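Notes follow once the structure below has been shown.
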Amino acid sequence: MTQSASTAPSWSIDPADVARFSAIAAEWWDPRGKFAPLHVFNPCRLSFIREQALARFERDGNGRTPFEGLRLLDIGCGGGLLSEPMARLGFTVTAVDASEKNIKTAATHAAEQGLEIGYRPATAEQLLAEGAGPFDVVLTMEVVEHVADPGEFLRTCAKLLAPGGLMIVATLNRTLKALALAKIGAEYVLRWVPPGTHDWKQFLKPDELRAFLAGEPVDVHGPFGVAYNPLTGRWSRSADCDINYMMTVTKD
């Protein structure tokens, strides 16, 4: 018998964060709403994921659906801002989130777009306990800084990755610069995101992320910095990893 999301193994989940995002779940697809910063960030994230996946799986990027036949897991999918474009690129997408409200919002929007995405309220630990996967690609984008046990969470994600697969992690660096700009500036000065969205103490340094996965049969690459240009209003790749960065994880 399959466990429900409420009784499944979920020791990495932070209930307070789940409740915080559930409260604003209806706004996921509003480009001017509380998730507006993610809408602006999304093109940069999508470009990085596509580039890394094309290289890892040696696919031709000229077609509309270069990733047909590959299974992708989007962990902490929220309203589906990444799940939908991944499905359009040909991936068979499974997308999970600890918030049932997020999943309902995501599933409704996908149905309106005519997209088939396997949405369900669940945790990474639940999927592993059920024997789900393995998946060719695992995404955990802007999620690890919101969980209670980042090490356990990342190791669980790595276990869901298939041999030959690719995992991409995006998060925030625990630096004074990130505290000033991503926490105080973004939440309390510019009001880009609701106050309390982030806890600076939960931001991860790249070396910490790497250490969490040291016992897994994976290789960790990066960090790859990304930065926001207030003059253009766009995100782009950067050598600066002091605030936002991404890392890739491969399993051979």
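A Cβ is built for glycine as well, from the same backbone N, Cα and C atoms used for every other residue.
Matching Arg45, Arg50, Arg174 to the S-adenosyl-L-methionine binding residues that Swiss-Prot gives (Gly76, Asp97, Met141) identifies Arg45.
Binding of S-adenosyl-L-methionine is attributed in the record to Arg45, Gly76, Asp97, Met141, and the widest Cα separation among these residues amounts to 19 Å. Around Asp97 (S-adenosyl-L-methionine binding site), a 10 Å sphere centred on its CB holds 30 further CB atoms from the protein chains shown.
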